[in-house]
Amino acid sequence: SHWLLAWLSLELNTLSILPIMMKQPHPRMVEATTKYFIIQSTAAACILFASTLNAWQTGLWSIMHTNSMLPTTLITIAIMLKLGLAPAHLWYPEILQGTPLTTAMLISTWQKLAPLALLYMLHNTINTALLLTIAALSTIIGGWTGLNQTQTRKIMAFSSISHMGWLLIALSMDQKLTTLTMLTYLATATAMFTALSYTTTKTIHDTGTTWMLSPAMTLMMMITLMSLGGLPPLTGFMPKLLIIKDLASINLLPIGALALAASLPSLFFYTRIAYMTMLTTPPTTTNMNLKWRFSTTTPPISTTPLIITCMMLPMTATLYNTT
């Protein structure tokens, strides 16, 4: 509950991920690590400055007593920079592209928990109009900018930006719904990055060679992609349905319609990848098992996220009421 401890924890979190990012001494990884350090340090410095300003105005370092307009706005913008939300999103796809898929999974999932925890604690004092504006920009940019991407890590980066926009919309209304949205995204993103890492799928072209070599992981990729897009039979449809329902109940359907329209491009490139994975075969595909690229067993870590991705929609009411 203390701003200095929160700032210290964010810095420890940033410094801990840096050796993981530059474990392999490759120029792209060193560049991505440097960019990540600069961006995260800038955001943490803004948080420290805003919390000091709040302590000067109120005499308190408690996070719960951040009521002044300027410190709250500065902290919100700094957290958006940490999360890679629009319009401060340009660093995020480039950093994911310069890291391995497992490290990209950590940046897209685990590293978002600490800034989201601060947003949870500030949700009563954050300007709702600012929150909804950033959410709308994130869903629009995350959807439209991902259309012309061919690298799977950049596609997942823009997918993350779009999903974080949906999460901010939920945060402006209900914390329980925000938790459900966050858990759903974490499960689907973990399943997707696991499948991409297991099959070493770095481009859309690579997806065409995975079916004959690893059918189980290819099926997992297709189901997870459809869940990320929010198709009704799968778990990814659940948070979007509940968010639209809550927006309708408080007469904010235009925001919901904008978010739904912005998610259509995302659904398009998810469907395009699934189509290329399941229904197309590149001319160079062979029936030989490439031992250097694939193993013959399914990693155990993929089982639980896959089940959550596929089968949690029937439990919508229960999860929404107990989260």
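Glycine is no exception: its Cβ is also placed from the backbone N, Cα and C atoms.
Unlike curated entries, TrEMBL annotations are predicted automatically.
Keep in mind that what you see is a predicted model, and the values were worked out from it rather than measured.
Annotated features, as they stand in TrEMBL:
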| type | residues | note |
| --- | --- | --- |
| DOMAIN | 2-254 | domain 'NADH:quinone oxidoreductase/Mrp antiporter transmembrane' |
| DOMAIN | 267-319 | domain 'NADH dehydrogenase subunit 2 C-terminal' |
| SIGNAL | 1-16 | signal peptide |
| TRANSMEM | 34-56 | transmembrane segment |
| TRANSMEM | 68-92 | transmembrane segment |
| TRANSMEM | 129-148 | transmembrane segment |
| TRANSMEM | 155-173 | transmembrane segment |
| TRANSMEM | 179-199 | transmembrane segment |
| TRANSMEM | 211-231 | transmembrane segment |
| TRANSMEM | 251-270 | transmembrane segment |
* Asked: Where else in the chain does the transmembrane segment (251-270) make close Cβ contacts, counting only residues six or more beyond its ends and a cut-off under 8 Å?
  -> 132, 135-136, 139-140, 142-144, 146-147, 149, 155, 158-159, 162, 165-166, 169, 225-226, 228-231, 240, 243-244
* **Interface-richest range of 129-148, 179-199, 211-231 toward the transmembrane segment (68-92), CB pairs under 8 Å** => 129-148
* To do: Report, as numbers and ranges, which residues of the same chain sit near the transmembrane segment (129-148): CB under 8 Å and 6 or more residues beyond its ends.
  => 73, 76, 80, 85-87, 89, 154-155, 158-169, 171-172, 255, 258-259, 262-266, 268-269
